[in-house]
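Structure, as C-alpha cells:
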Amino acid sequence: MGTSVAVCLVFIGCCSNVVFLELLVREFPGSGNIITFTQFLFIALEGLIFESNFGRKKPAIPIRNYVFMVTMFFAVSVINNYSLNFNIAMPLHMIFRSGSLIANMILGIIILKKRYSPSKYLSIGLISFGIFICTIMSAKQVNMASEGSEDQGVHAFMHWLVGIAMLTFALLMSARMGIFQETLYKEYGKHSKEALFYNHCLPLPGFLLLFSDIYNHGVLFSQTTPVAVPVVGLSVPIMWLYLLGNTITQYVCIRGVFILTTECTSLTVTLVVTLRKFLSLIFSILYFQNPFTTWHWVGTAVVFLGTLLYTEVWNSVRAALGRPDAKEKKAA
C-alpha cells in the first residue's frame, strides 16, 4: 500500500472516528469504557489472526517488556475516554491531546537527558500557551453553564478540574510510554504491528474490573432507537451501530498510521497526524455546533502553529522550493 493510500486511511478513518465518538459520548458521556473495550477487542482479534497466527508466531520483543508498556497503554486509553464524563468538551479533549509534544519534550529532558534547539523550545512554548488559552476559556464556559446555587457552580467546576487532571496524567503517561517504546525499538528493531497487537490483546483481562460499567452501558445501548440495516434486513439499536462505526474507523485510522510509519519519515507522519487533528476539530465544531469562542480559535491556531514549527515543516518546504533554483544554478 502506498503513501497516498495511507494518508487517505488516516484522514478518513480518524475524522470519521471522531464523529462516531462524539455521537456516542453526547448520548452517554460515561460510555468511554465500553468504547475502549470494543476497540481493544476488535484490534486484538485482527492481530491474533493476521499477526500472531493464533499464537504460533513467537514475538520478536519479549513479553515482559510488552506487559510494562501495555499497563501504561491501557491506563492512557481508559483515562482519556473516561475524562469525557467530567464536563470535558470534545474540542478541548482534542486540543489538549495535541499537547503530546510538550510531554515528550519534558520527559525527554528528564529521563533521556536530551537537549533541544531554541526553535523547539519556542514551539513548545507556543503549544503550551495555546492550550492554556483554550483551557481557561473552557473553564469560563463551565462556570457560565452552571445554573443554580453557587455550590452547584463550584461542584461543576471541580468536576471539570478532575477531567483536566485526568487528561494531564494521560498525556504524561503516554509520553513515558513513547520513550519506553523508543528504547525497545532501538534494542530489538521496529515491530509496530506486533506492538499494536500485544498493546490491545494483553490488557483485555483488565476490563474485567470494568465489567459492570461495560455491561450497564451495553444494556443502555440496547434500549436506544432501533434502525433498520438495509443489507442484513435486521433492526439494530442505533448506539450499537455508532459503536461499530467507531470501532472500525479507529482500526482504519491506526492501520493508516502504521503504514505511514513504515513508508514515511517521522516528520511526514507527525505533519499528517497534526493536520488530521485540525480537520477533526473543525468538523466537530461546525457539524456538532460545539461552543467555540474567538479565543478558542486563537488558542487552536497557536497550538497548530507551534506543532508545525516543532516538525520544522517550514525548512522542508523552503528546501523543496529551493531545489529548482539550485538545479538552474548548476545548469548555468
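We count from 1, first residue shown onward.
Glycine is treated like the rest: Cβ placed from N, Cα and C.
When Cβ-Cβ distances below 8 Å are used as the criterion, the transmembrane segment (31-51) is approached by residues 21, 24-25, 57, 77-78, 80-85, 193-194, 196-198, 200-201, 203-204, 207, 210, 213-214, 217-218, 220-221, 243, 246-248, 250-251, 254 of the same chain, each at least six residues removed from its ends. Per TrEMBL, transmembrane segment is recorded for 31-51 (among others).
Here the transmembrane segment (63-82) has long-range neighbours at 30, 32-33, 35-36, 39-40, 93, 97, 166-167, 169-170, 173-174, 176-177, 180-181, 184, 195, 198-199, 202-203, 206, 210, meaning same-chain residues at least 6 beyond its ends whose C-beta is under 8 angstroms from one of its own. Annotation comment: TrEMBL describes 63-82 (among others) as transmembrane segment.
Positions annotated as transmembrane segment by TrEMBL: 94-112 (among others). With a threshold of 8 Å between CB atoms, the same-chain residues lying at least 6 positions outside the transmembrane segment (94-112) that come near it are 18, 80, 120, 123-124, 127-128, 130-131, 134-135, 164, 167, 171-172, 174-176, 178-179, 274, 277, 280-281, 284, 299-300, 303-304, 306-307, 310.
The transmembrane segment annotation in TrEMBL covers 124-142 (among others).
For 154-175 (among others), the entry in TrEMBL reads transmembrane segment. Listed by sequence, the residues of this chain that lie at least six past the ends of the transmembrane segment (154-175) yet keep a Cβ under 8 A from its Cβ atoms are 72, 75-76, 79-80, 82-88, 93, 96-97, 99-100, 102-104, 106-107, 135, 138-139, 142-143, 145-146.
The transmembrane segment annotation in TrEMBL covers 196-215 (among others).
Annotated transmembrane segment per TrEMBL: 227-245 (among others), in sequence order.
The feature transmembrane segment is assigned by TrEMBL to 257-288 (among others).
Look at TrEMBL and you will find 294-313 (among others) tagged as transmembrane segment. Same-chain residues lying 6+ beyond the ends of the transmembrane segment (294-313) with a Cβ under 8 Å from its Cβ atoms: 91, 95, 98-99, 101, 119-120, 122-134, 137-138, 267, 270-271, 274, 278, 281.
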